[in-house]
Amino acid sequence: MKTLRYLLEKEFKQIRRDRFLPRIIFLVPLMQLIILPFAANFEMRNIYLSIVDNDHSVISQQLTDKVLSSGYFQLTDVSPEYNQALASIESNRADIILEIPAGTEKQLGKEGYAEVLIAANAVNGTKGGMGSSYLSSIIQDFNREKGFDSGMSLSGICSTNLFNPHLDYKNFMVPGILAFLMTIIGGFLSALNVVGEKEKGTIEQINVTPVPKSVFLLSKLIPFWIIGLILLTVGTFIAWLVYGLVPIGNLGIIYLFAAAYLIAFTGFGLAISSVSSTQQQAMFTAFFFFIIFILLSGLFTPISSMPEWAQNLTLFNPLRYFVEVMRMVYMKGSTLADLSVHFGVICFFAIAFNILAVVGYRKSN
Amino acid sequence: MNNIDVQHINKSYGGVSALRDISLEIKPGELFGLIGPDGAGKTSLFRILTTLLLADSGSATVCGLDVTRDYKEIRHCVGYMPGRFSLYQDLTVEENLKFFATVFNTTIKENYGLIRDIYVQIEPFKNRRAGKLSGGMKQKLALSCALIHRPEVLFLDEPTTGVDPVSRVEFWNMLDRLKNEGITILVSTPYMDEASRCDRIALMRSGECLSVNTPEGIRSTYTRPLYAVHGSFMYKLLIDLRSYPDTYSCYAFGDSHHLALKDGKNDIVGLEKFIREKGYTDVTLELIRPSIEDCFMAL
């Protein structure tokens with residue numbers, strides 16, 4: 001016990017004395033929390049719009065104004081005919097075309113409905129899809145204001161966004177990024193730390209002392225567990241300060257999950273360090289796994305839109321569960337009872353990764 | 001009893017054989033040297049004896065404890081100073097010493113007597129980080145850390161490699177003092193001139209133990225007449241001496257050539273005549289006692 005305490009004291013001294021590490025430990029999460037949610041924003045702004053107005057009427061002018069005042073669109077050109085507008089899409093100056101045919105106003109006045117054409121450039125699928133749906137909802141809105149029928153409003157579909165009424169991506173991304181941070185701190189730092197001792201040869205000197213391997217590994221695990229929890233605290237504070245985000249659910253649940261999750265990923269880091277002999281190898285191995293974990297976590301892309309085999313793969317991804325937990329607690333206020341399966345799975349990973357680490361270390365000796 | 005007993009140890013890495021049937025018996029309190037060039041297998045033997053590496057076959061005991069079965073106990077009673085400086089460079093001198101004292105469940109105070117002579121030399125820098133010490137000071141700190149738990153057996157892997165000649169002499173004086181404390185010391189070095197400071201030495205080359213004896217004993221096994229040859233045109237002289245029919249071997253040694261004649265051929269007059277006939281006028285011949293290095297070259 002005394003040995004462990006002293007080993008821990010040594011770890012913290014070393015971390016503190018490192019010129020680079022303490023800064024990076026706190027800078028990385030700050031940057032990620034402040035920058036990423038804006039960058040990983042799926043809201044589309046600056047969609048370039050080309051309008052073909054063949055009607056030249058009050059209505060067509062009003063519709064154009066309405067579309068532009070939404071803030072999503074920027075007018076690139078007003079073309080006299082569709083082919084010219086298409087040329088501007090082909091040359092990548094416009095993303096979407098709105099064509100108002102001649103006689104629209106007349107037809108609206110007479111029959112109460114008229115057709116407009118929306119054509120989107122789908123090279124950038126998200127931009128094309130989002131752009132055309134924004135545009136059609138603006139047109140619907142316009143119809144409603146003017147008292148016209150529109151095809152869609154007739155069918156009476158009305159959507160409500162539960163738990164995130166304004167579909168604010170930040171509400172959605174920030175908790176996910178917090179989960180991602182725990183992964184980096186737990187996995188990367190612990191792997192690099194142990195391999196660092198291997199590279200410097202200090203592990204050799206430790207190995208000839210009576211310090212048991214388990215105590216040595218614990219002395220590597222605990223500091224990053226503590227740093228992880230401190231970072232979580234900093235992260236939730238930043239989420240509140242910058243984005244006004246406070247978990248609807250119990251903050252204690254988040255800490256409970258983070259504690260288990262950090263044990264899982266420090267174990268993962270240790271397992272990587274047991275098979276690598278240089279920091280470069282450890283870095284690359286960790287990076288390889290983390291990219292897969294992140295892409296299959298549902299952090300940036302919804303799991304439900306992945307092909308089935310990929311969906312099945314996500315079941316073996318601990319990050320997926322933690323991202324879900326963070327979002328559920330933050331946005332839905334889920335309770336521990338709702339999350340019991342998640343907790344079981346994360347604990348399972350914690351045990352499995354640490355067993356892997358111990359086995360790896362036993363083999364290498 | 002703090003002896004070391006090595007019996008028929010073999011170790012190979014992949015297809016390369018690093019140690020071949022090594023057997024050594026090192027007595028309690030002995031200062032024993034492993035002498036050999038790089039790649040002789042010295043470090044592998046150290047790593048096996050300090051329980052860091054498993055031998056492919058053979059057995060070894062340290063302090064009567066088996067290196068594979070009783071590795072935990074061995075770690076309590078040996079001190080190891082690896083060839084590469086492997087203390088924590090980002091901890092200070094004092095912190096390193098305290099750290100190793102603590103992991104061995106002891107304190108600096110308890111064994112200060114043993115390390116005092118060495119530690120006082122680096123004590124003025126005790127708040128300096130180990131990574132910022134000079135080579136000689138690093139080595140003293142490493143020795144202090146290896147001694148802080150008062151080991152019964154001390155393993156020093158090339159402790160003087162890369163250290164200046166004055167510090168090297170100083171270091172061997174320290175080892176003499178430790179020997180007087182009754183500590184068994186196994187030390188390796190590629191420097192043949194240090195061999196004479198050991199009680200006994202083993203000459204090693206390519207994983208084999210060529211000879212085990214006292215330095216004096218090894219020198220006395222050298223029976224051929226040995227001459228130090230000085231002169232100008234040294235390179236041409238070397239080639240000519242090698243062509244002399246009685247020459248056993250001739251090699252450059254510092255600023256002279258060492259010429260070993262075949263056993264029983266000690267015809268100095270004939271040799272001088274041969275040299276004169278080759279056209280040399282300023283060559284001096286001096287019969288010398290073989291050094292350890294000469295013995296090593298002859299093996």
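Even glycines carry a Cβ here, placed using N, Cα and C.
Features as listed in TrEMBL:
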TRANSMEM  A:20-40  transmembrane segment
DOMAIN    A:132-364  domain 'ABC transmembrane type-2'
TRANSMEM  A:172-195  transmembrane segment
TRANSMEM  A:222-246  transmembrane segment
TRANSMEM  A:252-272  transmembrane segment
TRANSMEM  A:284-303  transmembrane segment
TRANSMEM  A:339-361  transmembrane segment
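Highest Cβ pair count under 8 Å relative to the transmembrane segment (A:172-195), across stretches A:20-40, A:222-246, A:252-272, A:284-303: A:252-272. Highlighted: of the candidate stretches A:252-272, A:284-303, A:339-361, A:252-272 has the greatest count of Cβ pairs under 8 Å to the transmembrane segment (A:222-246). With a threshold of 8 Å between CB atoms, the same-chain residues lying at least 6 positions outside the transmembrane segment (A:252-272) that come near it are 179, 182-183, 185-192, 194, 217, 220-221, 224-225, 228-229, 232, 236, 282, 285-286, 289, 318, 322, 325-326, 329-330, 334-336, 339, 342-343, 346-347, 349-350, 352-354, 356-357, 360-361. Only residues 6 or more beyond the boundaries of the transmembrane segment (A:284-303), in the same chain, are considered here, and those with a CB under 8 A from a CB of the stretch are 40, 173, 176-177, 179-180, 183-184, 187-188, 191-192, 268-269, 272, 275-276, 310-311, 313-314, 317-320, 323-324.
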